[in-house]
Amino acid sequence: MASFSKMIPQQALVIRDGEKKELPADQLVVGDVVEIKGGDKIPADIRLIFAQGCKVDNSSLTGESEPQSRSCDFTHENPLETRNIAFYSTTCVEGTATGIVINTGDRTIIGRIASLTSGVGNEKTPIAIEIEHFVYLVAGVAVSIGVLFFIISVSMRYKILDSIIFLIGIIVANVPEGLLATVTVSLSLTAKRMAKKNCLVKNLEAVETLGSTSIICSDKTGTLTQNRMTVAHLWFDNQIYSADTSEDQTTQPFDQSSPSWTALSKIVTLCNRAEFRPGQENLPIMKRVVVGDASETALLKFAEVILGDVMNIRAQKKKVAEIPFNSTNKFQLSIHETDDPNDKRFLLVMKGAPERILERCSTIMINGKEEPLDSEKAEAFQTAYMELGGMGERVLGFCHLYLPENEFPDTYLFDTDSMNFPTSNLCFVGLLSMIDPPRSTVPDAVSKCRSAGIKVIMVTGDHPITAKAIAKSVGIISATSETVEDIAKRLNIPVEQVNRREATAAVVNGMELKDMSSQQLDEILCNHSEIVFARTSPQQKLIIVEGCQRQGAVVAVTGDGVNDSPALKKADIGIAMGIAGSDAAKNAADMVLLDDNFASIVTGVEEGRLIFDNLKKTIAYTLTKNIAELCPFLIYIITSIPLPIGTITILFIDLGTDIIPSVALAYEKAESDIMNRRPRNKRKDRLVNEQLAVYSYLQIGIMQSVGAFVTYFTVYAEQGFLPSTLLGVRVNWENNAINDFEDSYGQEWTKYQRTYLQWTGYTAFFVSITIQQVADLIIRKTRRNSIFQQGLFRNKVVWVGIFSQIGIALILTYGLGHVTALNFTPLRFQYWFVAVPFAILIWVYDEVRKLFIRRYPGSWWDKNMYY
Amino acid sequence: MSKETKKPFRQSMTEWRQFIYNPNSGEFLGRTAKSWGLILLFYLVFYGFLAALFTFTMWVMLQTLSNDIPKYRDRISSPGLMISPKPDTALEFYFNKSDAQSYAEYVATLRKFLESYDDSKQSQNINCTPGRIFDQNDVAVKKACRFNLSELGQCSGKEDKTFGYSKGTPCVLVKVNRIIGLKPEGEPRIHCTPKEAGMVEINYFPPEGLIDLMYFPYYGKSLHAHYLQPLVAVQLAINSNSTKEEIAIECKILGSPNLKNEDDRDKFLGRIAFKVQMIE
């Protein structure tokens, strides 16, 4: 809320009791008459009763970038559109006005947005839900096994106290102690990785949310486009040429040999008031800062790229008169001397709205020759104009006239007020059209989203035609798909008769959206795969987001304005623009794109999916050894053998050897199919699903237990206790008073000697689990691909994990083997290798599993074995 | 974002019922009968394989072991001491010398313990040379040395059927744990000391509590079937003024440098402590 508070204007000029007073804005009441002038912030929502040349900058509220003029006239039903209301927190750019306060504080439009933003609750992220689900699952398994064995042990006549200790032991063995650390570490790692790619993640869990995103509602300006007008097409000599619109153009490839182009380039260069800021000669042209409006900047840079030093050319052809662009004339005109010393004629150049320019022309230049402008040529112009306009581009017409030397000698004084020079019967030269072109990375990013099953919806305040053109050029509307209107046009039937189901694409106007019920909106969102919302008021963004969420989608929203903040907050993941974004938007968002680049979102999606996958792998890894920790306990209770592994030892696995490897899985690279599968269905595709639990618990876990038990029995057998002797010995074994316990060979053991042997057993069991966890770690690197496809050594951290695992085990066994309290003993070296065949078996078995999954997709094996 | 709406109880019950048995799809616990059959078959094969593998590896491991001596004996390098009779409650003897019932269990235990030392059971045992280690490494059939019960003197149970319990001079047999291949050095003997002097007088059978070296080494249950470990009987003559008092006694193995009796952690390694309380 701090960013909202900062917007509060300090003072307001109020007329009360017939006197003008300066009051703090928060003391205004409804009905106060306030005066504002250029530069003031509007102190409340006011209705204007007097305005003189007043313009307000509503960009923070509505996203409209150009200042809006304000008058006392009621022009629209919608308060946001009518001219006679100025809004709290916007700025008066020029002029003066007087108005009556109609709303203050929270009741103002911006206040409502603010309270909407704070009102939209922070809901649980998908990953939080998944982890909660996982916790329930593990708790369920732990408690039910615990209770089951409590009942078994009670019925086997163990003491109640012992049974309770067993119960606690079983639950402890089941708790994945290291998981919390792993989740946090993987999230932070990814956040760090994303920060490198210019995505700032504010809310760690949001990273994963992005991965499960199924709909992206993207803003157009600045996110999909470069936010910079660029010349896209030219029309001269009856032909349309395309220009390069990429971010770093250095040349223009179209045919520049025609004399008409020479003429056109002169007009483009001369009839232009924009200038480069000085001192930028070393910068690439596209990066230079220009003083001037967007179109003129585009023309200036265009000319600079093709012709070189424009400022020099202008200096050579001295300007003698100029009429700047205004909205009544809709043209701009200037008169120049020529740089040819033999040619004393003046050159009049003009540019403006194409139809206005054409009206003033009587001839048209074709291949450098002036030809009369007959109806055929006028029609060619119309066709070209329509075509360029249809591509959503802003079109400008250019014409010129060499003033006859006899009428206009070089001493002639031009007067722009009386216009003592011809402004009609000019020679039409050509058209230039400009657009804010898409970023070059966007089409690729959009197609990546497509193949990843993510629907990209464009939501823009722009004109439908421009929006559609950009949507088509970036692939949001694919080349083959049609809207209802397109089909109607093609079949030449009224729009109403078109079967709406046939159209895959839809362009929805904000005005239509306003009259739609939520069912109608749902219908559009369901039936069309490619949707563009144009002319949307920012408030409608929220409606669209809610509509998408009603479909069960996980929605990502990009936005920059204050007005977007409710939608950003409402979205499952709000993404604010780092450069163009307002503070309020950044506050409401979960993620900030520092370079405003849509392609970063795709990276984010990939990272998010990767996190989910890697968490799955980590959990699978962690769960596996729980069985190897639990089984000894169960066997101990049932068959009364000496306890194979102690609680302290279990903790050393969970919090010692296993921590670094499970974190290492967070560094695992994505599997090849990560961006080719559909987003996960948050209701069905759980983090920990049945297959994962079953495969880890009942297959790999059991294999590990078998391997560890072989080691355990080997240790006891080689010390004199054959497996047959061990069964049922628990009570005597643990009896402190029995100090002549006989082994299979007739030797007698004291209690302490037995206990020490039992610790050796713990150590052996521990070492076996560790060795097999190495295999478990390796197999968990992939879920579908072979380890050899993934690269055994690509993830170096996994190897750090493996070495740390073995290192910690070595330290515990040999370094701390003499510390009685830890229950470790120095182990004979060969016992480290007893479980190795089982580790290899685990690896081979998992490779076979993955092979069948890849070979037979959709088969019984795939359904039951793929987690 | 999923709106967490609480499902009404009845609905969730229905869902559970659907999960347990879904009549429409014939699913029981989320799987059809065929699916259950397949999965059970899979696990049958899988666990069958694992069980076979386990059995096989265990068999291979057991093949590497000798029947006669364990592969490693490093965990029991030095023997522990144990007494007989061994009271159930933490090595504490309580009895009334005039009440036969109070020590009947001790007497019965001793009698049972000494059964295997009966002359009739020792017919195959040979008389060995006292004072020397009886090394039989080269002999295939290991002989056991005779241990004459008479060596236990008054504690042999021959003269006094109550092992002295009725006279206030109870006998406790101290034995050294069997350890394969153990060869004590020096002249090992058992020596017991009461915690407080003057309460009890201690007699040893054989005299001085000597353990004869001829009973070592032990060759293991299978090779050395008739082996009898040497015993030392400790007769406690409790002073008449010390009756009703608890007498703590510690017995140690002395005189042999390779038999430990001072281990910090193992209170039974070469020593044993017990308590005796007698009332009249």
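The backbone N, Cα and C atoms fix where each Cβ goes, glycine too.
Noted in TrEMBL for the protein shown:
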DOMAIN    A:6-117  domain 'P-type ATPase A'
DOMAIN    A:642-852  domain 'Cation-transporting P-type ATPase C-terminal'
TRANSMEM  A:134-152  transmembrane segment
TRANSMEM  A:164-189  transmembrane segment
TRANSMEM  A:633-653  transmembrane segment
TRANSMEM  A:692-715  transmembrane segment
TRANSMEM  A:759-778  transmembrane segment
TRANSMEM  A:798-817  transmembrane segment
TRANSMEM  A:829-845  transmembrane segment
Closest-packing stretch to the transmembrane segment (A:759-778), where packing means Cβ pairs under 8 Å, from A:134-152, A:164-189, A:829-845: A:829-845
Proximity of the transmembrane segment (A:692-715) to the transmembrane segment (A:164-189), 3+ C-beta pairs under 8 angstroms: no
Touch test for the transmembrane segment (A:134-152) and the transmembrane segment (A:633-653), at least 3 Cβ pairs under 8 Å: yes
Contact set, same chain, for the transmembrane segment (A:798-817): CB under 8 Å, 6 or more residues outside the stretch: 652, 656-658, 660-665, 667-668, 763, 766-767, 770, 773-774, 777-778, 781, 824-827
Chain residues in Cβ proximity to the transmembrane segment (A:164-189) (below 8 Å; excluding those fewer than six residues from its ends, i.e. six or more beyond): 127, 131, 138, 141-143, 145-147, 149-150, 153, 158, 204-205, 207-208, 611, 614-615, 618-619, 622-623, 626, 629-630, 633-634, 637, 647, 650-651, 654-655, 658-659, 662-663, 665-667
Counts of helix, strand and coil residues, the domain 'P-type ATPase A' (A:6-117), according to DSSP: 19 helix, 49 strand, 44 coil
Local confidence of the domain 'P-type ATPase A' (A:6-117) - pLDDT mean: 82
